Amino acid sequence: MKLAKRIIAFIAVIAITIGPFSYPQDVSAATQKDGYNITISNVTVSPSPVNVGSLASLKFDYNIDTQSGNAMKPGDTIKLSTNIGTMFGNLPSSDVPLYSESGQKVATATITGTEIKFTLDPDFPTDRNFMSGSLYTGARLKALDNGATAGSPVTKPLTIEDASANVTFKVRDAVPGTNTGGVPADPSLRTINNRLLEKQGWTSAYDTARIKLIANQLGSLRLFNTYNNIDSTFGTYQEQTNMMIVDKIPRNGVVDLSTISISAVRYNWTEVPAGGNTFYAQAAPGTVMPIERGSNWIPVTQYFSQITQSSSDTYDSFYAKIKAQKMSYGVFTDPATGGDTFIANMSNDSLKYTDLEPALAGINKIKDIYGTNGPSHGNVVTFFAEFDTHYPEITAVETVTNTGKAKSDQAEDSASVSYTIDKANGTATVAAGSIRVKAVDDIDGTTPIAGAEFKVQTKIGGIWMDYYIRGRKATAKTNASGEATISGLSKGDYRLVQTSTPAKYTFTNKVFKPNPAFTTSGSLNATEGTFSIQSATQPGFSAIVPNYQTAEAVIKGHKDYVDSEGTAVTIPESTFEVSVSQIAGENYDGVTMPGDVTTFVHSDGRIEFDKIKFTKVGTYKFKVKETASNPVAGVAYDTAEKEVKVTVANNGGTLKATADSEPRFRNVFTSVKKNLRVKKTLSGDTPPAVGEFKFELSQAGTTAQGLSEAPMPAGSVLGKKVVTVNGAGEIDFGDIEFKAVGKYTYKVVELDTRLANYTYDSTEYTVVVDVTADANNQIVANYEIKKGAETVNDLTFNNKYEVPKAPTSPSKDKTINNAKKHKSPKTGDSTEDLMLMLSIFAASVLMLIGTIGYKKRLR
């Protein structure tokens with residue numbers, strides 16, 4: 001009979017994870033309300049039938065989407081109507097977690113008598129307009145009588161929206177009997193420790209310790225020590241409220257979550273014989289004592305709620321969560337060390353001994369102690385938790401002491417146990433459902449790295465998504481030994497992903513090495529970190545993940561820039577480029593080139609590339625050369641490729657990179673010069689003396705990049721130069737040096753020096769010098785001379801000289817006329833007046849003679 005009960009209890013434990021239930025009612029329906037399409041199906045209550053006053057669980061599937069198609073938002077609520085309050089007590093029931101397919105907690109359900117409300121978590125995906133999954137309450141609902149009586153069970157429909165399941169309620173049958181039970185008196189029987197906590201521990205494999213914590217809410221067990229007869233007074237019983245159990249695993253050990261089990265204890269008993277008891281000397285003869293032999297240990301993990309650690313939880317906040325919920329437990333992982341602490345709240349006011357062992361009702365002695373008329377009103381008061389622990393930090397043989405603590409509002413106690421972890425020889429076995437990772441410094445492959453963080457992902461719909469274990473993201477941080485363990489993985493395909501490392505290091509998620517210190521189910525994929533769990537009993541996995549220090553090297557050099565005579569020339573900014581590159585056929589594993597592998601030469605000739613990063617020891621070769629993709633005209637480039645070696649070495653535990661040389665380049669610039677020549681010609685008469693003539697050259701602009709004015713020959717002032725020619729002849733303005741391609745415009749004119757008897761040439765010549773680079777990148781210059789619109793061959797100015805003419809005497813008529821013109825009414829002895837008078841007189845005589853001769857001809 002006990003075996004059958006144990007099997008049933010085991011199935012109940014499994015139900016927490018895989019969810020099998022008795023008598024599922026596959027009734028589903030669709031409802032439209034509050035903007036949602038809601039489908040509820042597979043409503044199930046377990047056990048069924050359920051005894052009045054006993055605990056039961058509820059499970060149902062849901063599929064909900066928005067009618068508008070808009071995304072759901074964190075904080076949104078979805079309300080489902082129900083009649084659960086008419087059938088079960090222990091309501092309201094809050095903080096029932098709802099999980100996504102990947103195990104991520106996405107919502108919380110609160111159950112009242114008439115409503116089941118889903119509230120979306122802050123982490124609910126922002127792009128989702130639907131949610132689906134299952135709600136499972138655990139064994140927390142207390143069955144009401146619902147009209148059932150002894151021998152007359154009642155069946156009622158439990159409804160959630162339009163879906164329902166029939167639930168049968170029955171009154172437990174009474175079991176007749178009057179025997180007292182117990183074990184015959186024996187002075188050698190081991191009694192139960194009369195303390196709040198009993199601690200047991202032993203090594204189950206050389207790297208694994210099994211821990212058992214027995215919490216006795218009765219404290220001193222005074223009940224069993226103070227009565228002598230079945231009908232006597234039971235003694236004073238005081239409930240231990242807020243009964244908290246804490247076990248910090250030593251040496252930053254870790255708890256294998258998959259091995260945690262919790263059992264309820266109903267002790268067997270015996271009377272202390274006349275000679276007393278060896279293990280409890282103060283027990284008076286005839287006293288009834290609890291003993292281990294024949295006691296009943298009943299699995300009740302399914303009645304406890306597992307509290308999961310969130311990313312924001314501190315130890316105190318996590319402890320407070322468990323303290324706030326009776327019959328709950330959890331494991332807190334210290335973010336700094338990776339060590340685990342088991343915490344449980346073993347207070348109970350709902351789970352009865354008779355829920356677990358209905359036959360107790362028929363045994364008078366047990367009924368008096370453990371029944372509803374007993375001192376604890378039938379509530380289970382003693383539990384024990386059991387789990388495996390592992391010790392990644394221990395590498396040899398070490399004895400550790402594990403101390404557990406119990407504390408209630410009424411008392412506190414502690415208990416310790418020591419055991420030996422032996423890792424001196426052989427390999428350890430990784431616990432089933434676990435991945436153990438060790439982060440090491442790649443500089444030597446052994447130095448552990450503490451504080452590296454990892455997570456596990458699972459593939460859903462072809463996409464890798466973060467994996468959650470009971471609502472908590474499956475993550476771990478390495479301890480001082482560089483090790484971390486993620487436990488609680490079920491069957492499936494996974495991959496290990498590193499998410500962070502201390503600032504000194506980098507990681508790639510591309511190298512996963514087997515760890516020879518452990519026996520596993522196989523190795524992770526060497527470059528992807530993937531692995532598969534095929535069964536719940538196979539060993540787990542382990543891996544060594546190298547992290548990398550980063551050494552940096554800056555390759556430097558210098559450019560010598562001179563003219564054709566060897567004189568240093570100023571280097572213009574952002575003009576000359578050099579590049580660094582890897583050499584074909586060489587190994588560059590762990591080398592990261594800078595984003596820009598070219599750099600400009602500084603004005604002082606310095607060459608300095610961006611940093612090259614190295615993560616592995618070795619010697620690496622690079623070539624440095626000038627780039628002439630946009631060559632500067634007139635420059636003869638250095639075409640040699642210079643080789644630089646960078647040696648990366650372990651310098652006392654620190655990665656260091658050193659370059660062996662600084663390459664040097666020499667560039668020679670050759671300019672081009674042009675000289676404009678003017679020619680002076682003279683025409684006309686021969687001048688009595690040689691004249692001085694002046695000519696002016698002025699710059700009129702340029703198209704050359706970076707220049708605002710055209711260059712001028714030596715001796716120019718404010719962009720102009722004047723030269724002098726004496727008489728006819730030629731003269732040049734001097735060499736004009738051109739250093740850049742482009743067009744250069746000049747004006748040439750003759751200046752008017754105001755020499756007498758010269759007519760000056762007013763021509764304005766326009767000279768355009770076109771400077772280009774030839775096939776050899778050398779500068780060449782050609783020019784064109786314009787005289788207006790006409791193209792001419794030279795700059796010629798012609799001036800004309802004329803000798804002045806001598807003056808001549810005026811004629812007689814002119815004299816007379818002039819005399820008439822200048823006749824003055826004035827008198828006097830002026831010669832001019834006399835001459836005028838004589839002229840008038842002569843003219844009159846002539847007129848008279850002419851008149852006489854004319855009359856003779858008429859006759």
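Each residue, glycine too, has its Cβ placed from N, Cα and C.
According to TrEMBL, the protein has these features:
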DOMAIN    434-511  domain 'SpaA-like prealbumin fold'
DOMAIN    595-669  domain 'Streptococcal pilin isopeptide linkage'
DOMAIN    677-802  domain 'Streptococcal pilin isopeptide linkage'
REGION    803-828  region 'Disordered'
SIGNAL    1-29  signal peptide
TRANSMEM  834-854  transmembrane segment
Worksheet item: In the domain 'Streptococcal pilin isopeptide linkage' (595-669), how many residues does DSSP call helix, how many strand, and how many coil?
Response: 0 helix, 43 strand, 32 coil
Discussion item. Based on DSSP, tally up the residues of the domain 'SpaA-like prealbumin fold' (434-511) by helix, strand and coil.
Written reply: 0 helix, 43 strand, 35 coil
Discussion item. Looking only at the domain 'Streptococcal pilin isopeptide linkage' (677-802), how are its residues distributed among DSSP helix, strand and coil?
Written reply: 0 helix, 78 strand, 48 coil
Practice prompt. Take the domain 'SpaA-like prealbumin fold' (434-511) and average the pLDDT across it for me.
Written response: 90
